[in-house]
Structure formats: structure tokens, C-alpha cells
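Annotation source TrEMBL lists domain 'Isopropylmalate dehydrogenase-like' at A:6-355. Sequence annotations record features per position, and here TrEMBL assigns NAD(+) binding site to A:78-91, A:284-296. The substrate binding site annotation in TrEMBL covers A:Arg98, A:Arg108, A:Arg136, A:Asp226. For A:Tyr143, A:Lys194, the entry in TrEMBL reads site 'Important for catalysis'. The Mg(2+) binding site annotation in TrEMBL covers A:Asp226, A:Asp250, A:Asp254.
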There are 2 protein chains.
Amino acid sequence: MTNQYSITLLPGDGIGPEIMDVTVKVLEAVGKQCDIKFNFQTALIGGAAIDAKGVPLTPETVETCLKSDSVLLAAIGGYKWDNLPRELRPETGLLGIRAALELFANLRPATILPQLIDASSLKKEVVEGVDIMVVRELTGGIYFGQPKGIFTSETGEQRGVNTMAYTVSEIDRIARVAFETAQKRQKRLCSVDKANVLDVSQLWRDRLIKMSEEYPDVELTHMYVDNAAMQLVRNPKQFDTIVTGNLFGDILSDAAAMLTGSIGMLPSASLGANRPGLFEPVHGSAPDIAGQDKANPLAQVLSAAMMLRYGLNEPEAATKIEEAVLKVLDLGYRTGDIMSEGAKAVGCQEMGKVLLQVLEGN
Amino acid sequence: MTNQYSITLLPGDGIGPEIMDVTVKVLEAVGKQCDIKFNFQTALIGGAAIDAKGVPLTPETVETCLKSDSVLLAAIGGYKWDNLPRELRPETGLLGIRAALELFANLRPATILPQLIDASSLKKEVVEGVDIMVVRELTGGIYFGQPKGIFTSETGEQRGVNTMAYTVSEIDRIARVAFETAQKRQKRLCSVDKANVLDVSQLWRDRLIKMSEEYPDVELTHMYVDNAAMQLVRNPKQFDTIVTGNLFGDILSDAAAMLTGSIGMLPSASLGANRPGLFEPVHGSAPDIAGQDKANPLAQVLSAAMMLRYGLNEPEAATKIEEAVLKVLDLGYRTGDIMSEGAKAVGCQEMGKVLLQVLEGN
Ligand SMILES: [Mg+2]
Ligand SMILES: [Mg+2]
């Protein structure tokens, strides 16, 4: 039986269309092999939407996304739109689609690819084999908590205030995503908090412990956020899956990503509650090299693999794509951003062709 | 003219007394050379105070500290007192003396010593020459902000809440310490916040910019906390002095410390408003090796150097101590915790003797 999925493509701006183009071909090739049919529709977002429709996100794009099974985004933004008022900036379109899809769980892998290990600032023996998944809560915590603002006290002094808050239901739903993510990996989940000082962390920890009863196959541990920042530097191999709140996740997912030394290779996933997930590379739209066939499409291709694994539950097809990426690197093909001595320099399109050859040769 | 200082020694527990003993001898030796007279008095804190007086901090100890020019602390705690109720634990004594001295500024250096560079998990070329000072606000921010607690909403759902708040006067006084610290260093200050999202950070950034008018010789830059965590991993050499709030400082000072790979070598300083500062190593009391002449006294010795530089404004004497520590390492002397092949293994007392020889040979 053929599984069918409706996928909304949001190529966006800059190098977005080029890398999306390669990714669609890769998805179609792997679909044929795994008996999966993708029905793609393309929609506008970011600068492309501003140019065509005057706003960075239209109701039509939102509707198209909501009706699909998954959304694959490339990148948005560019110099051209930098001086528009905030509500008309490309970034506002991205925030809008995230809100519309209620994407409360952000999955940020930090995987060391053996072929690119020299790019890391850490010693080879420290990062060899590192494969971390940070599950970050994305719609709660201190970035959204009320009250917030700059207030003036009775004495006339200004006081800046933000509120870090989580409810039980907010914690439980991110915990569920984290336990299920760990189940697809090495089944070790490290919850990062500051429960020795923060009440909100104490509730977070209590709920994680409670939820772990439903996932007896996953080993749950706890770590304070300052120690986690140290341990990522000291011995990142100790981690499998990490779950944490919005602010701590913002900091730790970026620190973990930087361990790899090649941010341009990293995909990400954002998952909602009973809504399509959104999958996108960590890198930006790189307007300086747009349209020159210089872009590295691999993070976008790996985002499609995350879509298959975490959005569509097609792990076999996901693995095929991930293995093809590794094989292409093994064969020595490199775009400019990851070029090293003795490797074969290729452009975006040729990288795509080699990927297809490898996939079809499998 | 001889400068005279009254110094309160808090040797505390575990290896504390041994490393304090070495440090006092080093201070006396450098005092002779620099025409400084130290009047030492020893007071009880932590487990030692519990055993002698029944509480981890007595009013007499607080009074002695308040009357002195600086306080030098070694380390507190041990298995023996771990099962006491919280108000009788050694750590409560430490929190008590910090509160009594109103220590709002925590200075945490992360310096790569060339002799110990191999201990870092980062590549030599990445960490060579790293010399960072993190100035962390210590008595405000989310660890103390009100309201805090776990509350039950009208719908019966629990919600954990903490408040990140800073007033203008709290920001200004830590900014002042940071600018003055940067003036004693490379005069580059990087303020870390999350001003793109947090109101409290926006006030923080506004005040830092305002305060910088008074310090035209210091170059002020700003960085978001997630990017700072990345940059510490990617290229730590870019930083000189970092100033940030309590929570961000907790995370980043530990991450920066771990870049060195030898936490056992790191000192720290905590400064108050018109009160004596407190100087202590980052490491703990190591009860497992206490009394065996195995402890590494160098972080304690370097804490005394920080006391001279940041507490007593005696930079020349501070430099003498720091140079002596480097020289001893150059000569190949190592305690067990930093031992490497081909080095000369020494105990705590012998490390002290070699330090004195080097100091007196200068
Ligand atoms: Mg971030
Ligand atoms: Mg800490």
C-alpha cells in the first residue's frame, strides 16, 4: 500500500528556492523506493510573500499549511526587507506560521558527522560520535510569561520584569514529545532545569518524574542548567536526548549545535498539538550567495529526513536520506561552506545530483 | 610606608585548612616583598562551626568578617553534615556570610594556563591565550525575584512561577564593578542579555549603554545569551570581560570555566558595596582527600591574588603570586588532580614550599 502525504513547501527567500528544489527531488526519489507518494503544494512566506502580496504571511498560506500533513520551510529574509516596519518583516511571517501551527516543541539535533569532525573546535576524541537531540519548549516560559514590562516603582525607580512560568499541561505535553523522541533514539532522557533554586523548575521536575511512569523504557535523569552547559563542553557524548524549557533550550541547543562546528549542516523540527509539524534548516537565507548555485542543500535535505521521522513516522525513508548524505560526504563532495583540502567542490545542483545517484544506487 | 590589612580567614572543612595554610605563607612572603602587612584572624564557618558551636555561621564570625578588609574562604561541607536539616547545613553558613557582606558581584575568571592546556576538551589553537573574566550579578534577578512559587489557578491547574527582575540601581552597581574590572584588564566589556525578547534585558542594556558614558576608555559590546554560549565554544579568545545577570552568569561562568579543563585551578571573588569582599576557590572541600596532604592549593593561592587585585587594590603583589604559580607549573610540579606524564608529583605542603622558593628567588 502506498502512503500518501500532503506537504506544503515554503521555499522563502535567498537560497531557499535552490535548496528546496534539491530536497523535493530527494523526497521523490526516496518516496519511489519506500512506496510513499508526496503531494506537494508551494506557498509564499517571508520576503517572497511581501513582494507578491504586501505581507510576509497571507491567510492562504496559513490555510494551506494547516490542511497539509507537514510543512517544509527553507529560509526567509534578506537585506531587501530589513528596513520595513517590524510587522512587515519576513521574520514576522515565520513567527506567524509558528503561532498558527501551535508549534510548542522544537527538536534541535547536534550530530557530529565523522566526515566533518575537523570543523569542531573541540578535540576529535571528545566529539567523536556525539549525537544529541535537544527538545526545547517553544511557546511558554519566560519569553511569553505575564507580567512583563518595564515598570516604575513608587520611589520613581524603573524595574524591568519578566515572568518564567509553566503550567502542568504545558510541561506534560513537551514531556510527552521528549519521551517519545527518546524512544526513537537511545532511550535516555536528561531533563535540564534549575530545581535547586527555581519553583517553576521544581514543578517541571516533579511532572517529568510523574510522566516517566508512562515511559518505563526511557531512562530519565536530571541536570541543573549550569552543569549542563559545563557537561556539553566537557563530555558531550554523555547525552542522548535533552528536554528543557524555552530559555534554557535556546541557550543549550545553540551551544550543542556549535559543538559540531558546522551549523550549516543542521536541520530542525518544530511540532504542534494535532497539527502539521514544521521542518527547516538551522541556517538562514544567505542572501549574499542566493541564485549562484553555491548553497549547501544538505541541512534542508536533512530537515526533510526529520520530517519523515518525526512528522510522518516514516523512519525507514528518513534513514535512507540520512545515509545518502553521509555517503555523499564519504565520496568527498563538498559545497563551499564545508570545503576542505582534497575534497571535490560542487555547487548546490550538483550536490543534489550526486545525492540522487547515491539514493538510486542503493 | 607599609600598607596594613586585616584579613579574616575562613578555612572551613575538608581540604580547606591545608590549602589555607599554604596560602597564608604565600601571602606573608609576598607581603614582605611588597611592604604589606597582613593581620590575620581565623573564624569558624560550615561544618567546623557546626561541630564547635552547633550552627554553620555564628554572629561572631559575621562580626569578624565585617570588621576586616577582606575575607579569604577555603571550602565548606562534607559527608558528615549532609543529613542535617537545611538550616544547619554547612552551605547555609556560606549563604549567610554572602548575605551579610551583601556580595552582589561575582568575578569568575577562566584563564587557560599554557602548562595545563592539554586538560581542555577544546583544541589547543582554540583555547590558547584564553583569559576571560565573567562578572555575574549575584543578589538579584530570577533567583530572588518576587512573585515566586507554585500557584493553583481557578481551573485547579498548578503553575510554577519565578520572576526575573532588575531595578536601575541593581544594574548600575554591577555595571560599575564590570567597567572597573574591564579597566584593570583589556578594557573590552561584553554585556550579555536577551534584549530582543526580554524587557528586563532591555532595561539592562539601556543602563549599560548609559553607564558606558562614564567609562570612555572601555569598549562596550552586547551579545545575546544564546549566541554567547555558542561563541564561548566556537572562539573564546574574542572575550575579555563579560558582564551579565545572575542566571545567565551562573550558566556562562561555568561554561567558561570548563573551557580550561581544570576547574581545580580556578579562583573567584565576590564583592559587596562598601563591605569586605570574599575570595574563594571554585572547587569544593574534597572530603575524600582531606588531611592526606594531597590537595591542590593553587586555586586558593590564586584566590588570594584576586583578593590583592580586586579587594585591596594591590596589583603588584597579585601579579607576583600569579607569576609564581605559573613558574611552579613551568618547573613541572603537579598535585595529583593536575598530574601529567613526566611531571613531578608533589603534595599540598611541598607545592607550598616550592611556591615560597620561587617567590623568594624572584
Ligand atoms: Mg537561540
Ligand atoms: Mg553555577
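Note: Cβ is positioned from N, Cα and C throughout, glycine not excepted.
Overlay of TrEMBL feature records on the structure.
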| residue | record | Cβ contacts under 8 Å, 6 or more apart |
| --- | --- | --- |
| A:Arg86 | NAD(+) binding site | A:Thr92 |
| A:Pro90 | NAD(+) binding site | A:Gly12, A:Asp13, A:Ile45, A:Gly46, A:Gly47, A:Ile50, A:Pro56, A:Ile76, A:Gly77, A:Gly78, A:Trp81 |
| A:Arg98 | substrate binding site | A:Leu138, A:Ser270, A:Leu278 |
| A:Arg108 | substrate binding site | A:Met133, A:Val134, A:Arg136, A:Gly249, A:Ser253, A:Ala256, A:Ala257, A:Leu266, A:Ser268, A:Val282 |
| A:Asp226 | substrate binding site | A:Lys194 |
| A:Asp254 | Mg(2+) binding site | none |
| A:Ala286 | NAD(+) binding site | A:Gly14, A:Ile15, A:Ala75, A:Ala295 |
| A:Ala290 | NAD(+) binding site | A:Asp13, A:Gly14, A:Ile15, A:Glu18, A:Gly78 |
| A:Lys294 | NAD(+) binding site | A:Thr335, A:Gly336, A:Gly347, A:Cys348 |
Of all the binding-site residues here, A:Asp82, A:Asp250, which one's CB has the most other CB atoms within 10 A?
A:Asp250
About how far apart, in whole Å, are the alpha carbons (Cα) of A:Asp82 (NAD(+) binding site) and A:Asp250 (Mg(2+) binding site)?
24
Using the alpha carbons only, what distance in Å do you get between A:Tyr143 (site 'Important for catalysis') and A:Asp250 (Mg(2+) binding site) once rounded?
10
For the domain 'Isopropylmalate dehydrogenase-like' (A:6-355), provide the mean pLDDT of the predicted model.
96
Can you check what DSSP calls A:Ala286 (NAD(+) binding site), collapsed to helix, strand or coil?
coil
Within 10 Å of the Cβ of A:Gly78 (NAD(+) binding site), how many other Cβ atoms are there?
21
Should we count any of the binding-site residues A:Gly78, A:Arg98, A:Asp254 as near ligand 1, judged by a CB under 6 A from one of its atoms, and which?
A:Asp254
What binding-site residues among A:Gly78, A:Pro90, A:Arg108, A:Asp226, A:Asp250, A:Ala286 have a C-beta sitting less than 6 Å from any atom of ligand 2?
A:Asp226
Against chain B, with Cβ pairs under 8 Å, which of the recorded positions A:Asp82, A:Tyr143, A:Asp226, A:Asp250 show up? Give them in sequence order, please.
A:Tyr143, A:Asp226, A:Asp250
Just counting, how many other CB atoms are there within 10 A of the CB of A:Lys194 (site 'Important for catalysis')?
26
Among all chains shown, work out which of the recorded positions A:Arg136, A:Tyr143 has the most CB atoms within 10 A of its CB.
A:Arg136
